[in-house]
Amino acid sequence: MTSCHVAEDPIKKVAIFGGTHGNELTGVFLVKHWLENSTEIQRTGLEVKPFITNPRAVKKCTRYIDCDLNRVFDPENLGKKKSEDLPYEVRRAQEINHLFGPKDSEDSYDIIFDLHNTTSNMGCTLILEDSRNDFLIQMFHYIKTSLAPLPCYVYLIEHPSLKYATTRSIAKYPVGIEVGPQPQGVLRADILDQMRKMIQHALDFIHNFNEGKEFPPCAIEVYKIMRKVDYPRNESGEISAIIHPKLQDQDWKPLHPEDPVFLTLDGKTIPLGGDQTVYPVFVNEAAYYEKKEAFAKTTKLTLNANSIRSSLH
């Protein structure tokens, strides 16, 4: 681990997004609460803006209206000429980019926390998009340490061919927060409490950083996406096997080549196959049936961060 020191600009503008998917209710309810009473998210010298990203989907308690808002923040969609013919979420993405971006510009918000729920048994999860970002690795280390002994996992979605174009990607530092298991359209007090604590610790980290605290070199364990796995299908393209009981709810646990992953209605077990141990995430996620994803394979690795402190101190 290197001990090189990195001076970062202080953080000034932070947004907390809820309702990117309108049926993931923890973020929706927290953001609505903070819009009425923002006391617990305020920190000295920091602008923190709670924001409902997909109000139409929230109103209907559905994931989206026309298309997934969390996949359209790419140059092509953000650059499309404004028109009522555009999908609602593309128009909304352009509005959000105007309010909190523009993406890849000096004017964009410093940090966006995007709050999500999953039906998978993933517990507290932080989603990282850049494995070389000292600031975010330090923040995630702080959150993980603060939450202990409650586990908090880091999912690294850096991949050469899987492009996400997430809602939060317009910020200089995008942070995905994913907490589960929670059914769509349902609120659970334990899940809400965990997400609330993750935001509190994240804001405390930013406050400490802005106040001049130096964070020494650190390392975190992350799970990096390898590939997404579809369900077995018949000639008509319909699902022909379901998640095996021994895989269900086993997110983040080691999965070996001989381990069962699918079960047919005839009772046939289908093993993982391949030649390496992987770590499954988003196992049997309800929202991913339409995306043809039964689970994602990840590999476990360690990321190191240099020490950081604010350039003002």
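Including glycine, each Cβ sits where the backbone N, Cα and C put it.
Sequence annotations record features per position, and here Swiss-Prot assigns Zn(2+) binding site to His21, Glu24, His116 based on similarity to another entry. When secondary structure is read from DSSP and collapsed to three states, Glu24 (Zn(2+) binding site) falls in the coil class.
If you look up Swiss-Prot, you'll see Arg63 marked as site 'Transition state stabilizer'. A coil conformation is recorded for Arg63 (site 'Transition state stabilizer') in the three-state DSSP classification, outside any helix or strand. For Arg63 (site 'Transition state stabilizer'), the same-chain residues 6+ apart in sequence whose C-beta sits under 8 angstroms from its C-beta are His21, Gly22, Asn23, Glu24, Ala57, Gln184, Ala287.
Long-range C-beta contacts of Arg71 (N-acetyl-L-aspartate binding site), restricted to its own chain and to partners at least six residues apart, with a cutoff below 8 Å, comprise Tyr164, Ala165, Thr166. Annotation source Swiss-Prot lists N-acetyl-L-aspartate binding site at Arg63, Asn70, Arg71, Tyr164, Arg168, Tyr288.
Using a 10 Å radius centred on the Cβ of Glu178 (active site, proton donor/acceptor) and all shown protein chains, the other Cβ atoms total 24. According to Swiss-Prot, the active site, proton donor/acceptor annotation covers Glu178.
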Just name the most isolated of the binding-site residues His21, His116, Arg168, going by other Cβ atoms within 10 Å of its Cβ.
His116
In all the protein chains shown, the tally of other Cβ atoms within 10 Å of the Cβ of Asn70 (N-acetyl-L-aspartate binding site) is 24
For N-acetyl-L-aspartate, whose listed binding residues are Arg63, Asn70, Arg71, Tyr164, Arg168, Tyr288, the greatest C-alpha pairwise distance in Å:
20
I'd like to confirm something. Which of the binding-site residues, Asn70, His116, Tyr288, has a Cα closest to the Cα of Glu178 (active site, proton donor/acceptor)?
His116
Whole-Å Cα distance, Arg168 (N-acetyl-L-aspartate binding site) to His116 (Zn(2+) binding site), is 12
